[in-house]
Amino acid sequence: MLDELRKSILFLVYLLVHLISLLLASASQKQPGRTIPSALVAVTEALKLLTSALAVLSSNGSRGPRTIFDALSKQPLQLLRVCVPALLYAVQNNLIYLSLSHVDAVTFQITYQLKILFSLLSGRLLLKRAVSRTKWLAVTVLTLGVMLVQLSLRPSPVQEIDQKRRGSDGAGCSTDPLPSSPMRAAPLPPHTSPANDATDATQAFIPLATTPAGTEQVGAATAPASADVSAGAASPPVAAREIPAADSAQSSVRRNRMLGLAALLVSCFCSGLGGASMELLLKSGAQSLPMRNLQMAFVSVLIGLLKLWSDRAQIREGGLFQGFSRVVWATVTLDASNGLLVSALLKYTSAVLKNFAAPLGIILNFFISRYALSGSSDGQRPNRQFVLGTLLVLLALGMYSSSA
């Protein structure tokens, strides 16, 4: 009974922090300053490292510094085990970048929800966890519900033009999770044309922890803009590029679309496998939760430093903390808290249950930002897709909880 109560409280706390982070992420997109995405990630991971170190120090007393030193320098096998999910997430984030260059946003939003099913499948294979038919059905219903919610929140063409004029990427009701997550609006990589696919491959292991959420690209016909989407820069028009003959252009689009879908499916697999491997690490009992968080944050900081080095020109120009307002600092702090809460969720519940928090946060964020914060509900009523998607998400949560 107490164990179930702890799981419920942990889930509700994570949902609350996630919801506040969504609202702050929406507010941070309206800030005039422009931040460096790699700096956001590095600062977030540094905060996790500091918090985890303080937790280890408080639980080990005078032996704390020695314990931390031994964990980071004399346990290479444990650090290597932590590198597995870190590399999986790095590959996932880069594949998301690649897929967004070759598939449209609607295809991305629908297909990417398959990561929920891959999460359940990875837990079944890696953790040898028995999965009932009710849970399979619940996760399938959840996936369909999230797809409908995501599609219902897509802005109309008129709204997209208005958002670009205001320098906003859907800040009114952002469906993007946290700034360091794979779904945050961020600068598109300049090397996404078919001629530069080899460049993508060579950079695939440099983690890019932020990817654009609302950018629509169509294969080789258009090149993604290298400017910051949140700064209101539009992609170059199709006419700005030299397009080959119709037949070859169509085959190029088909080929690139297949590449985008393949990258998207592999990224879903990496997401599920990364969550399952992280859950396996945390539940193995070889290390305490604060110590494991310390090791994971240490590896993530090292990876983040590599990305900072690649952005050194921007850092020299405006400084590491350029664009960091109070709202951005609050968002980064909550993002770090979210990361630590995810570790606790994975240790005491499962990666599948964590997937329920994201759609619930999006749904609650919609109602809060459209009704409570705007002060008016005129013209802001949810459409049928949103209502049906919300009902499916709630139904799936009830089914999954009852079968636990």
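Placed from the backbone N, Cα and C atoms, the Cβ positions cover glycine too.
TrEMBL entries are annotated by machine, without manual review.
Check TrEMBL against the ranges 138-156, 385-403 and you find transmembrane segment recorded for 385-403. Contact between the transmembrane segment (356-373) and the transmembrane segment (385-403) holds: at least three of their C-beta pairs are under 8 Å, each pair 6 or more apart in sequence. Ranking 79-100, 258-282, 294-310, 385-403 by CB pairs under 8 A with the transmembrane segment (39-58) puts 294-310 at the top.
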